[in-house]
């Protein structure tokens, strides 16, 4: 019985079949992305070579053969117009999508926790300045701003890194707001007062009394940030402002797919499917993490958070 | 008044039948999470005659509120299993159809809940809510007539200017007025039975007296039956004819109120009664009277023998430089604290300030216990937190052993922190849920940095033992303990750095009455043995009478009266103190009736 | 209440000012040479210098910003080689592409964006709140599980995927609907609606999922509150309790969220507009970014920022009005 209060969460998480399936899907995806060079070598293809002989230039570049040219050489067919191998492009696209999303999440969490803690623990003035700043950031439609920012960055800047920075720097607001609110609520608890009476310094109090309690909500929020970031990356690439050819990403594939959906439906369905499965698995897992991490805590916190409920994590990209 | 509030005489048949009849009632809640199924009520039988009043008392977890909810079968559809016979005004509640049950709820038997704020819909006006309930049970009544009825019952429960106030929403009322409104809703359909579940627990003592008086008046005037559920023996004394004492889902003792409270037969009832702090009588053993301390520390865990180790081995160190040795331990002058927004550049423009503590002066002598009593919002907690400098005073001085603390910054204060400690009210939030109780106690020792790990752990174990907990529990987490045990941990942590002054902020208000008595006993014992000065903050006047040397009565941020405990309690001079004392419920039903009559005349 | 509204409005204005400083600094100061951008790729050094003179880029930065602010409030004149171009307030500058005032450009795209926003909102409210309520009422049952999966899929699916799939099904395969082109409402209301039906549905599918989740959780939260127990104990029917008391409690967050969303929508739905080829503000932004037409980009960002900040203020005030329990900060 003398285990920590947190160990139950792991058990609750594993008890949900949907969470287990989602985790398995994500693990498989990560393996596929990591093993992309190996797998494409096995197929005997690469993501950048053009195969003009495989597309029907008379019909505007539709691949020969049924289902987008699926065959032994090209497992998932070829890209219309260019004839590049679709399997290879999807796998390499996964690398971009996943690494950008994870990288951006790390930036968001680091910034959000630092700024949220500073606002929650600092003086009135610091809190006012940082909170106002966070408000501005949260108010901005992220996608518009991200799109606009890419206009002023030199063309030579590595695109995946640019995407990580743009997404990360523009949307740490949610994390910082959660951390600040939690810090304020924790700070008013009596065990923090007791630590002060024990002679602990503010830094010691932050490290010992606050940070451990912040881990759960931050982890929960971060888990839901990943799918949002995947969609944002895909959206930027879809608008033609993300990664630049010949690098592929799912969003960029879908962007070219808009002109082909009548002639080659599979070219739409494959990247859509990949994106959808990934985002759905992330969301399901994130949701499960949230429920697993002390559902009682959540319902207790919910009492005063009806206003907060009006501002869910920003994810709507239209 | 358009309609008489007294009911038409009951039919002969109804008079013959009991109003409430429970036979062998058993309620089982299904297993949730890690816990197994819980049998909340276990074979309970009782009857209540029409117009009678029955009080069900018990500590938390005794199943008393479950019984109340069962009378209206509020557990239906929740998964709880209810077995046995439940008849209310001739209706077999458990077998009743949904329609029959709806007709029973509110019309025949009406319920009053504990928290009057959350029990009313915040979005609709009081009048609308009462009218809505009225029209549900009287389908023929027009909207306008229902509104009139709402105003009528609101007026009946003593809400001034009822016609206008009926249009207000719940948050615009004070706690007492909200509870009156809830009672008005209960009256709306002239029920034969009112079920009141802890109706005054959320209220201050003076408001509690008013609400209980109101319930009493309504009952005598309308002949409604009353089932009063409460943890407070003082509340039942003046309000009911019969009492049923519950424990662990079973009835322990049942009988006329005067008998049960005056000459209890069962040991548990006697224990309950003994645990209730008395306000009327002086302490039998004042703390300085000597060493007749028996040492039988009744902990709510396994009983531990009182420890013999000396926890604080502090040598009497010399007073700080230039300090007056004869000065009181703590001396406070003109202490003031404001909260809220300041206007720009210190102006009053747009400022929204409230004064929580307004110029308080007091002293605490070495080894003395000062009681600080007051109702909610009187500023007593704010004052207590300023005394240990958890809060900065807006104005005023705070001298500890002659040294002015109010001017010291956090860093300069840190070496002095160990001498001024606090025991907090809420046993849940005062312990870090992620740290073992042993580490919580060890924390102040580690913070000083001068002790090696083995010594720290040994000291923490000694402290656990000292407060009546098993030292082997060092590695357990707070959620494994009961409220009383956690409060003991909090006390041990406060003792760890070897304080001279202990500010206890409502140390027992979250606890059951028997646990309350044990924790108070522990505090008294520690104070005697360690020579501590204690500031005891409490809303419960009886708690302070039992433990304090002197008492200060606070109201709206000021101290209205101060003096030796017996003098203030027996001969209060300030009208506020007099009113406060008159409102305290007493255990003797006859005295309760006399006090009620006195209040009615006042 | 009045004080709160004033304070909130003041706060919103302050945020807008901060936003304009940030945006101005980011876009006009940080990157390369605006004069070169404004002039175009084929300009020689002399022409660029001339443009720099016209745009007053030689002035110190704070002064440039003040002129920019002045233009926003009072309008501004630009001298060209041949004459003077007037840019009426609110002036975000002139487009590098065609010398049109940015505000005018934005205004010309507004009807498209507004049509898209309002129609989609009606759909997502109907769909979202309805689904959420149904899920709350059928809690614990199979219906709720199915609805949960549906809404989860809805929030997880990017609009361009939904839109592409809808296009494939309804336009390409079934041919029930036209490939959307924008027909002004004033010209032909029927064609207007018919053409926008697919974009509306696409947006509504995404947004309604969010509303369904919010409505469901808010309703359940209210149903768990003590006052609901009171009405159960007083014999009210479940239907009445949900309809009159629980829904009322669930309304404030939905209203507040909707205000914010509508504000954001007026900034243009970039993805939807790009996918369906609708000439709204969102598409204008994307095009301007491609051509590095900075005044238009800045104008769009500030315009969207203003819409969102104001919507946020309106949402907070609506929330405070709808839920009197909240203590006004």
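Along the chain as shown, the residues are counted starting at 1.
Including glycine, each Cβ sits where the backbone N, Cα and C put it.
Remember, predicted model here, so these are calculated numbers, not experimental data.
Range C:254-276 is the one annotated as transmembrane segment, of C:231-253, C:254-276 (source: TrEMBL).
The transmembrane segment annotation in TrEMBL falls on one of the ranges C:84-101, C:192-209, namely C:192-209. Between the transmembrane segment (C:149-177) and the transmembrane segment (C:254-276), three or more CB pairs separated by 6 or more residues in sequence fall under 8 Å, so the two stretches touch.
Within the same chain, the transmembrane segment (C:114-137) stays apart from the transmembrane segment (C:296-322): fewer than three Cβ pairs sit under 8 Å, each pair at least 6 residues apart. The transmembrane segment (C:12-30) and the transmembrane segment (C:296-322) are in contact, since at least 3 Cβ pairs between them lie under 8 Å (pairs 6 or more apart in sequence).
For the transmembrane segment (C:192-209), the list of distant contacts is 115-116, 119-120, 123-128, 131, 150-155, 157-159, 162-163, 166-167, 170-171, 177-178, 180-185, 261, 265, 269, 272-273, 275-276, 278: same-chain residues at least six beyond its ends, Cβ to Cβ under 8 Å.
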